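The transmembrane segment annotation in TrEMBL covers A:7-28, A:79-101, A:121-142, A:163-181, A:193-214, A:249-273, A:293-316, A:337-358.
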Amino acid sequence: MLQTAIILAKIWGVLLTLVSLAAIMTWVERKQSAVMQDRLGANRADVLGLRIIGLFQPMADGLKMFFKEDFVPARGDKFLHTLAPMIAFFPALLTFAVIPFGDVLRIGTLEIPLQIANLNIGYLFILAFGGLTIYGTVLAGWSSNNKYSLLGGLRAGAQMISYEVVLGLSLVGLIMVFGTLQLDIMVKKQGELLFGFLPAWGIFLQPLGFLLFLPSAIAETKRVPFDLPEGESEIIGYYTEYSGMRFGLFYFAEFIEIIVLSAIMATLFFGGYQIPWLYAEGFQFPWGWEWNLPHLLVVILQIGSFFAKIAFFCWLQVLIRWTLPRFRYDQLMRLCWVNILPLAVLNIVLTGLVLMILN
Amino acid sequence: MEAIFFIILSIIIIFSSMMVILKKNPIASVLFLILALFSTAAMYVMLMAPFIAAIQIIVYAGAIMVLFLFVIMLLNLKKINEGGAVTLKILGVIVAGLMMVVTAVVLRSVAIPADSGFLRSSPEGFGTVENVGMTLFTTYLLPFEIASFLLLAAIIGAVVLAKKKL
């Protein structure tokens, strides 16, 4: 009974955190673009004259989405038109289930692992459900009964299938180094030290892997510079025929994907919840200092570090989105198949060689 | 508890498999096939084979069915001819009958213990990544390598056929 309650509490906690972070991300994106373009940015929404630097804007956006006309093209497929945004939204939320956001929390004799589902196939689970988002975009394009939407959906499908291949390959090296697909073991191994002082984070073990993973992952979220499927500035993408909350779901799914992607990057390459030199008993610095901390404080610090890393990578992605221009479609495909793919294979071979020499 | 999940999943799989052949709209057929493959993956999870389940979703429900969907969308099949030639129908019946015989023979050869209930329990760590990998790269190494060569040949063949100038 207690176990069920704990699991439900974890699911609700993660869900609420994720959704509210996504709402804040819409504000971050607008504010960051305003800073970069020397504008004032979103600051019109106010409650009784109170504006708090535009933080009411996400709520105003949400309300607007709900009250807009909900439009389905006359000869489109009504059922699939409704289903598509849900299919796009649901896998993005689900992937967070396997990501550990903290170590084991101990209250008395109770041990609570701070992760919803500790799966043996952890990383494959993310790939599997990430792959399902394609259906949302492709079906959205088709069910709109609009040539341009269909073409947008096809562009999205081709792009996401191509980049899924390199996304999977770019992480094989990391799996070889850690020898597991289980995300919590990966994070625990990143708590160890290299050469006695450097934290064994994925970025230090697989620098090339990270450089290949980052562009492929951003391409999977379909944001600038890879936003050809939606063509945001021209609005000729797969959700051209969407309005109201159906569009809202696509929009929201994009921000949830950003957060999930940041969480994956933090987990795989930047030590997840680990803080350098922080162990279960407290800090143990390589130069000999020790600083013991109570268990609860350590857990809170770890969760805090995990979310700080997520915040950093969210910000980084927004920065990239507002800095780079869009690729041409042939450049996009060439980047994937001609540039990233051979490098990813090279990374696997190199990792294998190094592991063989070390053993 | 397991029995309830098994029954629910079975109903979903059988229903969606039926809908694949009963639906006239090819897009709906494809979507029901995806549902069937996805529920089969859930069945693998219940059989303690998470790796097979993940591969089932990645390969079948993910990659292959997207390509199916692509082709059908581009062909834009709205209606499929009703009826069709009588010889086709007779051929269909013969092929389906043969399939049924083969399935029956295979199922008869599998020994299922009488006390197994709905699901047989599998040994510890049965379908995990480690165990599947070990089996694949020791006992079944040769078939695995041959299959990879076959796939390579298929990829090269597809490129040669699709590109007129290389």
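Each Cβ is built from the backbone N, Cα and C atoms, and glycine gets one as well.
TrEMBL: automatically predicted annotations, no manual curation.
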Same-chain residue ranges lying at least 6 outside the transmembrane segment (A:121-142) that approach it to Cβ under 8 Å: 77, 80-81, 83-89, 91-92, 94-95, 97-98, 149-154, 156-157, 160-161, 164, 167-168, 171, 175, 181-184, 186, 220, 222, 229, 238-239, 242, 250, 253, 257, 264, 268
Between the transmembrane segment (A:249-273) and the transmembrane segment (A:293-316), are there three or more CB pairs that fall under 8 A, provided the residues in each pair are separated by 6 or more in sequence? yes
With Cβ-Cβ distances below 8 Å as the criterion, list the same-chain residues six or more beyond the ends of the transmembrane segment (A:79-101) that contact it, or say none. 11, 14-15, 18, 72-73, 113-119, 122, 125-126, 129-130, 132-133, 135-137, 139-140, 142-144, 183-184, 187, 239, 241-242, 246-247, 249-250, 252-253, 256-257, 260, 263-264, 267, 272-273, 303, 306-307
In the same chain, residues at least 6 away from the ends of the transmembrane segment (A:249-273) whose Cβ sits under 8 Å of its Cβ atoms read 18-19, 21-23, 25-26, 29, 65, 85-86, 88-89, 92-93, 95-96, 99-103, 114, 123, 126, 133, 136, 140, 171, 174, 183, 186-187, 190-191, 199, 201-203, 206, 209-210, 213-214, 217-218, 220-223, 239, 242, 302-303, 305-306, 309-314, 317-318
